[in-house]
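Undergrad: When I checked TrEMBL for this same protein, it listed these features:
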type     : residues : note
TRANSMEM : 32-50    : transmembrane segment
TRANSMEM : 56-81    : transmembrane segment
TRANSMEM : 143-162  : transmembrane segment
TRANSMEM : 168-188  : transmembrane segment
TRANSMEM : 275-296  : transmembrane segment
TRANSMEM : 316-336  : transmembrane segment
TRANSMEM : 357-374  : transmembrane segment
TRANSMEM : 407-426  : transmembrane segment
TRANSMEM : 438-459  : transmembrane segment
TRANSMEM : 485-508  : transmembrane segment
Amino acid sequence: MERFAFKGVASNLVTYLTDVVKMSNSAAAKNVNNWCGFTSMLPLLVASLADSWDRYSTILTSSFIYVVGLVALTSTALSWARHPTNKISSSYLFWSLCLISLGQGGYNPSLQAFGADQIANDDELPSTKDEQKSNKKSLFFQWWYFGVCGGSLAGVTVMSYIQDTFGWVLGFAIPTIAMGASILLFWCGSRIYAYKQDDAISERPSRDIVRSIKEALSKLMNSRITLPNNNPGVVELELQDKPLCQNSGNAKGLKEEPCSGINYLVENGKVVLRLLPIWTMLLMFAVIFQQPATFFTKQGMTMKRNVGSSFKIPPATLQSAITVSIILLMPFYDALLIPFTRLITRDKKGISVTQRMGIGMVLSIIAMVIAALVETKRLEISRKMEVLDPKLETEVPLSIFWLLPQYILLGISDIFTVVGMQEFFYSEVPVRMRTMGIALYTSVFGVGSFLSALLISLVEYFTSSRGKGRSWFSDDMREARFDKYYWLLALLSVLSLVFYVIFCKCFVSRSSDLDNEN
């Protein structure tokens, strides 16, 4: 229900900003990217509070803030509907979106970690040797994401149609009602939930985390990172420097003799810093995933969208192809692909989490190449039409369904990389930092959104300063060069993938050498 509410707003927000708020294409895209980035980054700030406070209470509190933000956003649409000539207050719109971001910042990582707590009846540190528990956890994240995609699908398809057909007031009011209903539904299950809290951190002041990370930076110089080589008994990202706490290598010891004072926060900071290399290499994947809600949607608005004589497909609806492909193909991943890879690799788990993420990165690059080719074709047809009749409308006789392959490939890459990221960042942190692990995963998309906005600004600056000053993101879609931007993203993603592969192979090899020495 939360995904339905969020996607019902975010998937078509660029259209609201260009058609109602009257922003340019580039300004609207940058604002959407910045908002999505801010939304995805907030969990990092809220996660430490959730881990040291109470996940259940965090979920309820953040849900309430979430609903207040949705109500405020709906009021902006209502004000415009009553007085279309009046300009919408940018500051009021900004604060309503910030409230949504703040609510989701506490809601999403807390809910996912709280959900994992319901089935993960173990208090192990990241390096567990229990293959059954590991598979159970992996299945949880796969089917969690399957459920998330169901809500996203409904939000993208239903709400984009309602917004384009019946108006923005109803288009924002329905997600608000859905989110309010979700709070009530969650509260009704309070008696049956399993509540888990690490007593070791119940009294740790979160404000010391900045000071601890500074100290961790100096200590990190003497630490090592290794990745396993087909060894299910070794953690995906092994902490080689020393145990997280001096007393014991298990979570039970943690609870009995918790690390004290600043050392506790230093160790937490070191865990986060050891994950940064892979976190950084996943950023371009996150940048690519900003395109469906921005330039893919604007691209679709210029293409033939008719189905029958009267019905027109809302461009944002095509984002549902991503979630449909996930929903349809996720079961095949477990039923066919994993057994096949087990036969090839002779590994009980099939492919490792790092391999899974790498496959998804490759697929996302292919999606951008296809997007560039389709956009090149659209521009060719548009130029031919302009030669025949310069006053002709910008819609080209190219079906919007030509965009489907790039959406579907992004959906397939989602199954590999996004689900792999959730499992990776959740599993590679101690039990006491599970909410922080989920927040690290969401922060990839947060920083990716900011990076996307920065790329747009840089490209716009350099392209508009040449010749006649025609930007790649021109408001005139006959002059815009989205295809060149897609090629640029594909190239940057290839570079990121190369570094990712080198990093993984380098440390897998080092891990094997260490195992032989032992």
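Glycine is treated like the rest: Cβ placed from N, Cα and C.
Because TrEMBL annotations are produced automatically, they should be read as predictions rather than curated entries.
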Undergrad: Can you work out which residues elsewhere in the same chain, 6+ from the ends of the transmembrane segment (438-459), have a Cβ less than 8 Å from its Cβ atoms?
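TA: Residues 26, 29-30, 33-44, 46-47, 108-109, 112-113, 272, 275, 279, 282-287, 289-290, 294, 421-422, 424-426, 429, 471-473, 485, 488-489.
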Undergrad: Report the listed stretch (56-81, 143-162, 316-336, 407-426) having the maximum count of Cβ pairs within less than 8 Å of the transmembrane segment (168-188).
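TA: Out of the listed stretches, 56-81 contacts the transmembrane segment (168-188) most.
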Undergrad: Taking the transmembrane segment (357-374) as reference, which of 143-162, 275-296, 316-336, 485-508 has the most Cβ pairs under 8 angstroms?
TA: 485-508
Undergrad: Can the transmembrane segment (316-336) be said to touch the transmembrane segment (485-508) if we require at least 3 CB pairs below 8 Å and skip pairs under 6 apart in sequence?
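TA: In this chain the transmembrane segment (316-336) does not contact the transmembrane segment (485-508) - fewer than 3 Cβ pairs sit under 8 Å.
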Undergrad: Where, among 56-81, 143-162, 485-508, do we find the most CB pairs under 8 A to the transmembrane segment (407-426)?
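TA: Comparing 56-81, 143-162, 485-508: 143-162 has the most Cβ pairs near the transmembrane segment (407-426).
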Undergrad: Should anything in the same chain at least six residues away from the transmembrane segment (485-508) have a Cβ under 8 Å from its Cβ atoms, list it; otherwise answer none.
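TA: Sequence-distant neighbours of the transmembrane segment (485-508): 225-229, 277-278, 281-285, 287-288, 291, 295, 354, 357-358, 361-362, 364-365, 368-369, 371-372, 375, 455, 459, 472-473.
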